[in-house]
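Listed in TrEMBL for this protein:
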{"type": "SIGNAL", "residues": "1-42", "note": "signal peptide"}
{"type": "REGION", "residues": "47-69", "note": "region 'Disordered'"}
{"type": "BINDING", "residues": "Cys120, Asp122, His173, Cys176", "note": "Zn(2+) binding site"}
Amino acid sequence: MQQTTVRQASGRRPTTRRRFLTTTLSSTLGAGLGAAALTACAADDSAAGTPVAHSTPGSARPAAAPTIQPPVANGKEALQRLVEGNQRFVANRSEEVDEGEERRVAVSKGQHPFATVLGCVDSRVPIELVFDQGLGDLVVVRSAGEVLDHSVTASLEFGVAELGTPLLMVLGHQRCGALTATIKALDAQRTEAEAGEIGYLVDALAPAVRQVKGKSGDRLDNAVHANVDLVLAQLRKSTVLGPLEKSGKVRLVGAYYELDTGKVTLNPS
Ligand SMILES: [Zn+2]
């Protein structure tokens, strides 16, 4: 049975994971496992409420032991995990990111990330840190302004369809330089391409800037949000992602990262 496989796997896995939080997540603590087995077993692990990964015989203090993250059953749980990770990051109480030797060895045998995230290349928005996640947790694709091209879209499709993440997030951010450059280019009515391939980015981001023309509020912030929505709309046209979303196998969400606070806010969907 898959369940048996899961529990055996969890028992073998090292327990270097972050010292876990509080009762918020303790009810769902379990073990990492393959995506296929994930859905079938998550409910059982949750119901049992037993931190399998650190069930040392005779241990009287299971709550204090380190543990690993359990699988997620669906996009909702994956999103909740990202939200909670970001809350830790914002509160300056990030757990020790699981990048130690034991974890590295464990994930070398296979990967079962729980979310795919498309973010900007901005050096101030490192995805794993922003969400307080470790090795093997996330599929991260980054391009300036979250601009899509064949390679980016295919990478996102790979994360969702091949690696089985039930969540795909597009993360825009405050004071995005790519969108700032696009605004400047449009305001200057520059028709010549920027140096190198940067003009490609400007062309790709121009629709978002044009869309918010005349809108009240901060122009750049408005463009960042509009761009996330446009990227999501494009992704929904993917012959891979669109049907997976419709069937409920993946959840697509947009979000905004505030540089000033570190906080990620979900876009209304
Ligand atoms: Zn940016």
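Any Cβ shown, glycine's included, is placed from N, Cα and C.
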Cβ-centroid neighbours of Zn(2+) site Cys120, Asp122, His173, Cys176, 8 Å, sequence order: Gly119, Val121, Arg124, Val125, Ala144, Gly145, Glu146, Gly172, Gln174, Arg175, Gly177, Ala178, Leu179, Val224, Tyr257
Local Cβ density at His173 (Zn(2+) binding site) - other Cβ atoms counted within 10 Å: 23
Packing count at Asp122 (Zn(2+) binding site) (other Cβ atoms within 10 Å of its Cβ): 18
Asp122 (Zn(2+) binding site) in three-state DSSP notation: coil
Under 8 Å by Cβ from Cys176 (Zn(2+) binding site), same chain, sequence gap 6 or more: Cys120, Asp122, Gly145, Leu220, Val224, Asn227
